[in-house]
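Student: Below, the features straight out of Swiss-Prot:
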type: CARBOHYD; residues: 3; note: O-linked glycosylation site
type: CARBOHYD; residues: 6; note: O-linked glycosylation site
type: CARBOHYD; residues: 9; note: O-linked glycosylation site
type: CARBOHYD; residues: 12; note: O-linked glycosylation site
type: CARBOHYD; residues: 15; note: O-linked glycosylation site
type: CARBOHYD; residues: 18; note: O-linked glycosylation site
type: CARBOHYD; residues: 21; note: O-linked glycosylation site
type: CARBOHYD; residues: 24; note: O-linked glycosylation site
type: CARBOHYD; residues: 27; note: O-linked glycosylation site
type: CARBOHYD; residues: 30; note: O-linked glycosylation site
């Protein structure tokens with residue numbers, strides 16, 4: 001259970017990082 005929770009947390013963090021990177025790229029492209 002702990003391993004699954006850790007994996008889910010890591011996946012969520014990776015998704016958030018990807019979204020942040022995409023937002024940054026979009027902002028840079030707009031600017």
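Keep in mind that glycine also has a Cβ here, set from the backbone N, Cα and C atoms.
Tell me about the setting of these features in this model.
Tutor: According to DSSP, residue 3 (O-linked glycosylation site) is assigned to a helical segment. Long-range Cβ contacts of residue 3 (O-linked glycosylation site) within its own chain (separation 6+, distance under 8 Å) are none.
Every protein chain considered, the tally of other Cβ atoms within 10 Å of the Cβ of residue 6 (O-linked glycosylation site) stands at 10.
The secondary structure of residue 9 (O-linked glycosylation site), as reduced to three states from DSSP, is helical. Non-local contacts of residue 9 (O-linked glycosylation site) by the CB criterion (under 8 A, 6+ apart in sequence, same chain) are absent.
All chains included, 10 other C-beta atoms sit within 10 angstroms of the C-beta of residue 12 (O-linked glycosylation site).
The 10 Å shell around the Cβ of residue 15 (O-linked glycosylation site) contains 10 further Cβ atoms across the protein chains shown. Following the DSSP three-state reduction, the secondary structure of residue 15 (O-linked glycosylation site) is helix.
For residue 18 (O-linked glycosylation site), no same-chain residue that is 6 or more apart in sequence has a Cβ closer than 8 Å to its Cβ.
With a 10 A radius on its CB, residue 21 (O-linked glycosylation site) counts 10 other CB atoms from all the protein chains.
Less than 8 angstroms from the CB of residue 24 (O-linked glycosylation site) sits no same-chain residue that is six or more residues away. According to its DSSP assignment, residue 24 (O-linked glycosylation site) is helical.
A simple way to gauge crowding: the CB of residue 27 (O-linked glycosylation site) has 9 other CB atoms within 10 angstroms, across all the protein chains here.
Sequence-distant contacts (6 or more apart, same chain, Cβ under 8 Å) of residue 30 (O-linked glycosylation site) do not exist in this structure.
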